[in-house]
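A.B. asks: So that we are looking at the same thing, I have put the structure below in structure tokens.
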Amino acid sequence: MSDAPVVVAVERPRRRRLGRYVAGKVGGALLSLGLIAVLGFLLFRALPGDPVTTMTRGRPVSAAQIAELEAAYGLDRPLIEQFWSYLADLARGDLGMSYTFRVPVADKIAERVGPTLLLVGTGTLLAVALGLWLGTRSAWRRGGRFDKAATGVALGLWSVPTFWLGLLLLSWTSGLFPSGGITYPDTPPDFWSQAVDTAHHMVLPVITFVAVVYAQYQLVMRASLVEELSAPHLLTARAKGLREDQVLRRHAVPNALLPTVTLVFLHLGLVVSGAITVETVFSWPGLGLLTFEALRGPDLPLLQGTFLVLAAAVVLANLAADLLYRVLDPRVRAS
Amino acid sequence: MRRGGVVGGLVLVVVALLAVVAPWVTDPAGLDVTRVDGPRLGAPSGEYWLGTDENGRSVLLLTWWGARVSLLVGVAAAVLSVGIGTLVGLVAAMAGGWVSAVLMRLTDFFLVLPSLVLAIALSTVLERGVGTIVLAIGLTSWPGAARLVRAQTLAVAARPYVERAHALGGGTVHVVVRHVLPGVVPLVVVNTTLAVGTAIVAESTLAFLGLGDPTAVSWGAMLRTASSTGAVTAGAWWYLVPPGLAIAGVVLAVTVCGRALETVLDPRLREPR
């Protein structure tokens, strides 16, 4: 057995191993962040050939205006020089000026982070709770009527485009819920009125978000719990005289949660695409809607900013998951 | 599972046939906004079974023609994405050393990256069109296939008959093409099928965001106009339901078909009866 020496290992090597693990993960994340920065430059500065043509597509512009734009964005300098100044700006947190909003991109993004976190956070919590509950019930009575129905619904919702579900909800509940935005402009500014109004605006976006995202949690939880159910330690638990309910909650579910946690973080990209489509359908003023507004321009500096921020956020969340996973699962610590 | 797979396959064959024969069976003039005379946003009637859009075009005809772009993009993007994934996975498994390390690092990087954001970026900076959409979806959705193919290749390459082929003097290329690849192909086929579903949803999402080919009729583009011209808030459900149901139906058929194919090709996945 490869993990046998761990049993006799003394405190210091273990701590060193922890250090190496953390350093490896942090190093990997830093490398990813670097790659994202390079990709951001290649996509928005090098690939378009001429970003000004892309930005002014379909609009009449004079040669003087083009020259002015090129100078404003530093596009008249050599590419490698642009790259260095881009990196220097990035290090200072300067993402450039938005072309359509005429404000710094970083300010615009900072202003939109809150609503996205509110929507995605609420949605993800609900989706995880729903998915884990349904997955556990399906796996416990696998092959039964509940399992078949729940798995069928999950597969069906997974096949449906997010935005279509949102549009359907909008047309079905016409008038019951606001069709977009985060608050009505005439709501009193005190905390409670604002909170109630925001909650009212959140209902449809959150339902849409949950409907699309929960299926993956359910299917993963079901699969990993089914695998866990044949494990020998459950037989021991039953032999001890535990009730079925206790066997499930104390011995099967905690183990099955581990692979689920990994996959939940691995699929964060799906959460980001869900946020973009849901926010676009319901005009929720978050980063997703900002991405949509940026691509309509197209406002390349703004789109570059949202790309960098969303990608970096996913990488950092994954790093957090890797570090958390080591705390949760002693077996990872041993290997 | 098998019966579901057959039903799914039949649905796909029918939809594909309808998409192919559309130019001969229907009149393309019905798609030209200047040459149609239907009512604006008319409800379903004897003449227009699924009603009309904001320009008086038949929604049935639009949905029919929309299948062409959606299926074409879905299949092309899936082939491109699984193609890249297979190549990267094979090389990463067989090359070893720093080549493998770099390729897997790159795969993990792209696996984590939110693919829709990357696809949006690509289709914004490139020229609008069907080709760009295929490229944007294909270039952003390959990492999953790469990891699966790498794992399968490693498993196949460890089998004794591959060692025998090496011992008999087979070169790496010969061994990979004649002995390893046949063991990997079933997985690639299943993966391509499942990827078609994801690609169709991705296409409709990009078209909905306005990044599709502006001249082509596709299910995503129909939903975009339905939403942007206020048909949704006006209660024109006949404009909203058909393209969405078409996407959901085809994607579900592809998924069921792919999973059935998986159990046929890999007996270990069959549930014990």
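Keep in mind that glycine also has a Cβ here, set from the backbone N, Cα and C atoms.
Note that the coordinates shown come from a computational prediction; the quantities given were computed from them, not determined experimentally.
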A.B. asks: For the record in TrEMBL, which of the ranges A:83-106, A:155-178 is the transmembrane segment one?
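C.D. replies: It is A:155-178 that TrEMBL annotates as transmembrane segment.
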A.B. asks: State the residues, same chain only, that lie 6 or more residues beyond the ends of the transmembrane segment (A:155-178) and have a CB under 8 A from a CB inside it; answer 'none' if no residue qualifies.
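C.D. replies: Residues 184, 200-201, 203-205, 207-209, 211-212, 214-216, 273-274, 277-278, 280-282 contact the transmembrane segment (A:155-178) from elsewhere in the chain.
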A.B. asks: For the transmembrane segment (A:198-217), which recorded stretch in the set A:113-134, A:256-282, A:302-325 gives the largest number of Cβ pairs separated by under 8 Å?
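C.D. replies: By Cβ pairs under 8 Å, A:113-134 leads among A:113-134, A:256-282, A:302-325.
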A.B. asks: List, by number or range, the same-chain residues at least 6 past the transmembrane segment (A:256-282) whose CB is under 8 A from its CB atoms?
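C.D. replies: Distant contacts of the transmembrane segment (A:256-282): 116, 119-120, 123-124, 128, 132, 135-136, 139, 161-163, 166-167, 170, 179-181, 204-205, 208-209, 212-213, 216-217, 220-221, 224-225, 227-228, 288-289, 291-292, 310, 313-314, 317-318, 320-321, 324-325, 328-329.
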